[in-house]
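This report concerns only the one structure given below.
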């Protein structure tokens, strides 16, 4: 099995910040808070597209970031939500977490959507923090950071185009010239023992997969050489390019080669003869090529589609590739096998309540608190605002973070880390005792 792979980074947009603002109008001495909320960040969304065949475009762009939400404004004005970023992927793409290798989703149908990175929630403005005990709140939340991940994309490659022909006619050179494939190339028969696959990129969003089918010999349909293995690969292609050594540099007659290969294809499976096929008259840069090309045209007549090329010098390759691409478009999209997602794919809810946070002590002796909820609260708190910090402390008390730190052995003055926040653990009883000692000594 052959796979196209890509590693990309996705990040949802950060939420916009809420703001602290108060109504200020003439004759309204107690206008009250009117700080608006920040907008939500946009999501990064994968969309299945039956028109795409490869992952080649992800080699040119690896980072995908959605737009962040706008900050809130006064007069209770809500910041605009960030725009989603849509990323089109071929049908059959499997998305994995790059760190764990866990399968996140299998894109199995056209139009299927998957949120690869969710945008952060917009922070609340101070108008949302009014209460009976706090009529003039000076608190506003920062926007929640958007999710970010490194992802592995994997796509099972099915060759659109197969190169057929005798050994040493230049198939490997041709596929190396029109794609990023780098097959082993040498001047002897059966250099290629396994199909070499290359992705031919026409333009952004337009590409196809070409397979260098190992060289055939007469009697291949009976299993001679590696005939059955080689011919089996041609069944999976939609379009064939018959590569001829038109110069006859191997001492064979290219016209006889043409008849022999077509005969082997028809004898193995008659329906192979019905596949669309063009002829690539290769090695036009060598002596004798022009004469043999004229003989071939005379033999096959005006209806034959022949492209004189030299894979070694890249002569005539562009017309051949564009003709094949147009032919594939006329054949229409491939009908893909629908894959049933495994139980571990794209699970939204398992019915199991996860721990709200975990605590461990790292090698430097720092108590590290991890958990999506606690890290979100830290990220959305303005650490320059005393009221916001006090509110964060109350949240931690309610969640039981302080008590859990004590249970883990954390003592007054020990270092603690939550997300990007580093601080020293403070036992308020000890803090007050220190203040009393300072007062007595003063």
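A Cβ is built for glycine as well, from the same backbone N, Cα and C atoms used for every other residue.
Values in this document were obtained by computation on a predicted structure and should not be read as measured data.
Now, the feature entries from Swiss-Prot:
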type: DOMAIN; residues: 1-158; note: domain 'Obg'
type: DOMAIN; residues: 159-329; note: domain 'OBG-type G'
type: BINDING; residues: 165-172, 190-194, 212-215, 282-285, 310-312; note: GTP binding site
type: BINDING; residues: 172, 192; note: Mg(2+) binding site
type: DOMAIN; residues: 349-427; note: domain 'OCT'
Could you give the mean pLDDT over the domain 'Obg' (1-158), rounded to a whole number? 89
DSSP assigns the residues of the domain 'OCT' (349-427) as 29 helix, 16 strand, 34 coil
Can you name the residues of this chain that are 6 or more positions from residue 310 (GTP binding site) yet have a C-beta less than 8 Å from its C-beta? 282, 283, 284, 285, 316
Fewest other Cβ within 10 angstroms of its own Cβ, chosen from the binding-site residues 168, 172: 168
